[in-house]
Amino acid sequence: MRRKIVAGNWKMNYGLIQTESLIVELKKQTKSSDAEVMIAPTFTNLWHAFEATRRHDIEVIAQNMHFAQQGAYTGEISAGMLKSIGIQTVILGHSERRAYFNETDEALAKKINTGLENDMDMIFCFGEELADRKAGNQEAVVESQIKNALFHLEADAFKHIILAYEPVWAIGTGETATPEQAQEMHAFIRKTLASKYGQKVAESVSILYGGSVKPNNAKEIFSKPDVDGGLIGGASLKAEDFFAIVNAI
Ligand code: PEP
């Protein structure tokens, strides 16, 4: 059975005190679904968040990492550093990293390799821009993002990969893909994986949807057969909203 996951990407929000408060609130919430719950605070709060959630069903994950194992990369964080504080999972290729920090598919392929060398799990994000969708090119764009960053891998590597389809036009905009648009794309992604790795691998990979998922639309989106959960931005910053989304699975 595929993993069902709801992951909160806190982005560059919340210092230590607010992180502490949000975790206290999260720990008060009860989970009525089988979904795995993940939160991604900023780097400086990872260790605190990891310690604070130790005996709870919440996995603390990172928002990014560098592709090099170590060295002269001022300001960067390595996979080994994340592992050294107990972090097992990292988000890679978020559209904000691609847009503001020039992360290319090629650089992301290197990060994926580094993650695998360090036995990490990765949430690999991708998705088309509004102009791509308007031109009807969304499938071609998504296919090339997946192929460029992942198709050099052996089938076995997909045990460590979670995919997150995040149409850029839906991130932080209040605009959501319809459940039908999400299902259509997720089915296409699975077909793309199957074309190279076979149906068994394609069926085993969890594909999350991200883009303005809120308590009022989560249930419908998650009800689609190829949607295995969500990557949540804005709504993950409030414990009640985040758990309403977790419980929508
Ligand atoms: C995201 O940044 O991954 C995201 C999905 O953000 P939001 O939920 O705010 O659209």
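For all residues, glycine too, the Cβ spot is worked out from N, Cα and C.
Summarising the annotation, TrEMBL assigns substrate binding site to Asn9, Trp10, Lys11, Gly172, Ser212, Gly233, Gly234. Annotated active site, electrophile per TrEMBL: His94, in sequence order. TrEMBL lists Glu166 with the feature active site, proton acceptor.
Feature map: annotations from TrEMBL on the structure.
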| residue | record | contacts (Cβ under 8 Å, 6+ apart) |
| --- | --- | --- |
| Asn9 | substrate binding site | Ala40, Gln63, Ile91, His94, Gly210, Leu231, Ile232, Gly233, Ser236 |
| Trp10 | substrate binding site | Thr19, Ile39, Ala40, Pro41, Thr42, Gln63, Ser236, Leu237 |
| Lys11 | substrate binding site | Thr42, Gln63, Glu96, Gly233 |
| Glu166 | active site, proton acceptor | His94, Ser95, Cys125, Phe126, Gly127, Tyr209, Gly210, Gly211, Leu231 |
| Gly172 | substrate binding site | Ser212, Gly233, Gly234 |
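In the three-state DSSP scheme, Asn9 (substrate binding site) is classed as strand.
According to its DSSP assignment, Gly234 (substrate binding site) is helical. A simple way to gauge crowding: the CB of Gly234 (substrate binding site) has 19 other CB atoms within 10 angstroms, across all the protein chains here. When the record's substrate-binding residues Asn9, Trp10, Lys11, Gly172, Ser212, Gly233, Gly234 are compared pairwise by CA position, the greatest distance found is 14 Å. In sequence order, Ile171, Ile232, Ala235, Ser236, Leu237 are the residues of the same chain, not among Asn9, Trp10, Lys11, Gly172, Ser212, Gly233, Gly234, whose CB sits within 8 A of the CB centroid for the substrate site.
Taking a Cβ distance under 6 Å to any atom of ligand 1 as the criterion, the binding-site residues Asn9, Trp10, Gly172, Ser212, Gly233, Gly234 reduce to Asn9, Gly172, Ser212, Gly233, Gly234.
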